[in-house]
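This report concerns only the one structure given below.
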């Protein structure tokens, strides 16, 4: 098989740079509900922690997981249930934490207010991650995927982002001019200038110094737009064109609104498990995060197939998918232990980057994982990202959340959308996924049963739009009569077909020959995640360039 990969000479910074927007977005979205909107230093600690854990999880996935060149990072699928849990009466931020003049970020009282919330997130993420590891390593995922089709996946993924319109609007509304500029620049670079290649000097061991054309605007649209908008805010701040009064409209566009965090942040800070204290657990949070886990697993399976197609590898076999999902569960366990306030998942943005750069070596992703580890240790790096002006973040959110919603809807390409059955299932599911959480948030007292734990579980689940929409899509798609072709399952299953051949094991097996017949006991054949060869394994072994580069 000829791989689509053409260059493996040097580590490519693209992957971790592409992931930066998503990695930084997760802590910034959680900040308000963690009572941290007026503590950029604590936000920088969360950003550094998520960088560090993403580096660890990326290395685990490349060496022991699905073994495809996929970066791991924070997941938006956990945001909706996390925000739903933090909106419960017991976890709503006290009024004094919302007023910057009343917040003393160094006081033990304030520190305990935000740390007890993140400890709760830690606990529920760690428990929910055990469910993901069970589904992955037990092989249960293959059975569940028989019933989960495009009409379940489309509303689930779309509703990961659609309910976040309020967060995006509030941040962008801090200065609509700056937010609009950020959106304009992202649109300009990613859509209008994406086919324009920029000459870039390169150096390689074999070819030496040379100039190569690189699709800069197509690869870094978000990063370029963020930097330009950030620079403009700096100029407007230096010239006092932006208001200096904290209560004035546009103040949050100033780069010195959070400027002190750079001087306060330490140069080196090593994140460690339990840095915020001993995790706590609530039943309501666990059920909510499990809904996010299911959404994350389904999305990751799609990423595995897309990545394999882009690097010219065979579709991943069942054992590789089971192992990949299991390792993602382990990554979520580590994220919970370290206290990112989130989990980890495969990054779709980086899968798309493979098709642009044609660099799909595992070592490139290993290098990206190493860089993320270093960025997590250097405290000033996280602090720098914490100083990004609020309207710049808001503009990035407007584009990012819109794309996530569209990615969910794109799963309908496999479905017959001329069918009234499918129109009903999707339309009803996604509309209820917006309507029901909105009503429950406004009328929580109408669902009280008298049992506090049960009330919390019901409220968290019914205020998590992706759970409501995904559950209705799953229920209706599997109960309303319809053919496999009409439901999109025929095409869906064909995409996932793979055979256990020598070439497949060569790519998806463990490193250093682990798992081969010569160095694994006979009982491992019964493990759903262990590499195994079917059909005698007499197929001629051929190595793709991606494997050679690994």
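Glycine is treated like the rest: Cβ placed from N, Cα and C.
Keep in mind the model is a prediction, meaning the values are calculated, not measured.
According to TrEMBL, the feature transmembrane segment maps to residues 423-440, out of the candidate ranges 333-350, 423-440, 441-458. Range annotated as transmembrane segment by TrEMBL, chosen from 103-123, 250-270, 460-480, 481-501: 460-480. Within the listed segments 67-85, 276-294, TrEMBL records transmembrane segment for the stretch 276-294. When the stretches 276-294, 392-411, 460-480 are ranked by Cβ pairs under 8 Å to the transmembrane segment (173-193), first place goes to 392-411.
Proximity of distant same-chain residues to the transmembrane segment (214-237), defined by a Cβ-Cβ separation under 8 Å and at least 6 residues beyond the stretch ends, is recorded for 14, 17-18, 20-21, 178, 181-182, 185-186, 188-190, 193-200, 253-256, 353, 356-357, 388-389, 392, 395-396, 399-400. Beyond the transmembrane segment (276-294), the same-chain residues lying 6 or more positions past its ends with a Cβ under 8 Å from any Cβ of the stretch are 75, 77-82, 84-85, 88, 115-116, 118-129, 131-132, 156, 329, 332, 336-337, 339, 343, 453, 456-457, 459-461, 464, 466-467, 470.
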